[in-house]
């Protein structure tokens with residue numbers, strides 16, 4: 001499930017409807033990137049944390065970390081809207097989706113699962129936070145060392161959970 005031109009939904013998505021939409025119970029989700037449209041995908045960019053100056057990086061082998069080099073190709077990320085305020089985060093070069101596992105680890109999944117959706121919120125300080133939809137009290141976070149922080153160790157008000165979305169051109 002997921003990828004260009006195919007339907008995207010939760011692991012419980014039951015059937016494909018006319019026009020390529022997927023039905024998940026009584027909720028219909030549109031294809032992630034339909035032919036000739038962006039399907040809720042935003043222009044690729046970078047996510048920089050103000051804590052250590054790291055860019056969130058998704059590796060092709062599934063690892064997730066932070067790096068300070070703005071030229072690293074694996075920091076190019078694409079947000080895809082799933083619902084109002086809910087996004088998935090795709091590593092463009094890695095062709096993988098950011099996921100939070102049940103033990104709080106961050107990794108990159110080859111396909112979209114229910115662990116790949118995050119509530120995106122613009123905080124009062126103008127930074128964004130990404131809170132797991134499945135594990136609702138856990139956030140995407142980077143430590144000052146550039147390593148990801150376990151979701152179970154995160155919470156509101158921590159600097160580690162703040163990100164500044166930036167254009168890939170800047």
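Backbone N, Cα and C define each Cβ position, glycine as well.
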Of the residues 6, 68, the one that Swiss-Prot lists under symmetric dimethylarginine: 6
DSSP three-state assignment for residue 97 (phosphotyrosine): strand
Between residue 51 (heparin binding site) and residue 110 (SUMO1 cross-link): CA-CA distance (Å): 29
